[in-house]
Amino acid sequence: MKVTFYEDRNFQGRSYDCMSDCADFSSYMSRCHSCRVHSGCWMMYDQPNYMGNQYFFRRGEYADYMSMFGMSNCIRSCRMIPMHRGSYRMRIYERENFMGQMYEMADDCDSIMDRYRMPHCQSCHVMDGHWLMYEQPHYRGRMWYFRPGEYRSFSNMGGMRFMSMRRIMDSWY
């Protein structure tokens, strides 16, 4: 898996090749305005240490990603998303700490309100696979990356309320 970052738009200026997670680009380049994802899927963050807004990038060229995604800040850190082969399973909960209504999911859901009559979820347990969750129905708005693990509360995620979710499939690589 590899991504090349460029200081300027249209793949100009100094570049940095990245083949694993990078918590802070500042030691390699002062800014980043374009990138080429040669292989793999990546989460990009507009703050160091995998903080701030998250953006999903898959194989392709992003000559001016800030305009493309409506970003106000440059990418400052990135995380490689490992390829997952196998089943996908996640439990979503109506309230924090795995309380309230619970639903188990194994496929994409473009609206938890339409499917489960649940306005949003506030905690989840990802058992299998890697997922993207979105603050609005139909995979819109800000997103957050979830890998296997327990997420007891979304309150530390900038007050995000998730209303749709999709699997990161191996066909995206």
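Glycine is no exception: its Cβ is also placed from the backbone N, Cα and C atoms.
Residue ranges 58-62, 83-87, 138-142, 148-152 are listed, and Swiss-Prot annotates 83-87 among them as region 'Connecting peptide'.
Counting residues 6+ beyond its ends, the domain 'Beta/gamma crystallin 'Greek key' 3' (88-128) has Cβ neighbours under 8 Å at 137-139, 146-155, 161-167 in the same chain.
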